[in-house]
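Data block below; observations after.
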């Protein structure tokens, strides 16, 4: 075993022999040097900030630090404030860090991070469940929900998204955020779970707690996730009556990356995603879906690996993401987990670092949720008190002040669509807004316009009419179920009291441990050895690693420029021919337009592009225009001289 290397340490003292003494002489005090101790062995102080005997924090400076620490200000923000208010203290950053640590230790009162975590949950009246490892008393799983957000959930329980993020705590545990949607188009953090792993058992444990939070009689209309293998089966088991939708953004990224990798050309992946795959995703009927899939199988048949991947990975779950299937679900426009990704960003802006203990994570998330709840109440009151000028028309005369502003905005956009459909509104409407948002669709708006009566309030889903928390359509079910649960518990209490004293003692002990977990001797969990999403060279950062599709997009030519439209490519990055790869794909005598190179696509007018079904690459000998006409008229470009 190699000898341990001593750290580069230093002492506080430098062995200076200088001393003075104070003595009383007659009616005055006098300071004199002691004999043999009248010389310093070091230079005098130049910078007060670096001398421990001079610098420090006054009581008033400590009070300022305590206030700013309670507001979750970072040390780099606290330091200028202390320097400005109390410059004579000569503080440095170490003082700020040390005093912040003292505040934390004083608040913990000797409790370890796990016990303090449970203590804070009880102090703030959180709804929480934990799992405990036998023997070690460690906490591998914790489900936590703010009491105010429980009320918001029970008012707006219809759409729930969930996703896991990483680099949030010192243990390397995944952090699952469960996010809801309000009719003001805001997110709210229903609950979060700190899990040791991402197995199906761990997700099932979390979903069961979410079900208990909702109640047995209430089921969401839609749950949105990415295609996390551990989530698919538990969601179907715990919420059998809820539609499980997969995030279309994650699907598109995965398809682009995988197809590009199979073809050996990232441009092919992008063209596949923006071409035939986009048409599959947006198919508005089963007939359109089957036709586009058949077109894909014909034009991409050479790449059997792509067909195997698309069918085996995604199309077997088409009811979870294809538009004609999701249009049957009341999802209020949520087909991606972007709300959860946004919540990840908010969370990490509050955390600031990735090695916080359980109690530190709790305090930061608690502050974020409190701020979020204030914003939700602000927007709800805005919809009650403010009437937008653009909603003053007769169409909204029965809705203004009684329906959320975001719903009125969606109806206004649907009215614009109604004008675009014109006289074909009844044939082409489709009714998607009614089934997916619970709002009047284009044909209903057209009828209201024709009759001159406006839209009535009973045409609006209750979700959009709930302007006060605890007054939602599902609240009576919650209250009824709560009363039933209370009655059932009283029956159990009476049964226990009529039992033997030993039974009473045992059950009392179980209830006590459940209600007072902070005294049960729980300890912090052991860190995960494999930390997903944590780069080895930056342990403090909360920034996520690049995803697979981002690595694929960065690979290859550096001349690639991403922008709007169908893609733009620098000249040094363009393919050598008209095709997006060296291989052509048969479409009768034409090649599918999905494989047309980007710099050719951008030259086609947007008005014409949707109607193209294929192209033919004629010889570029100066007669290409005549060759195109000959190919179209005679079926043979070689007869161009006859034109």
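Backbone N, Cα and C atoms are what each Cβ position is placed from, and that goes for glycine too.
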Inset, instruction - Among 518-575, 576-633, indicate the range for which TrEMBL gives the feature region 'Disordered'. - result: 518-575
Inset, instruction - Average the per-residue pLDDT over the domain 'MULE transposase' (159-253) and send me the rounded value. - result: 92
Legend entry - Composition by DSSP (helix, strand, coil) of residues within the domain 'MULE transposase' (159-253): 31 helix, 30 strand, 34 coil
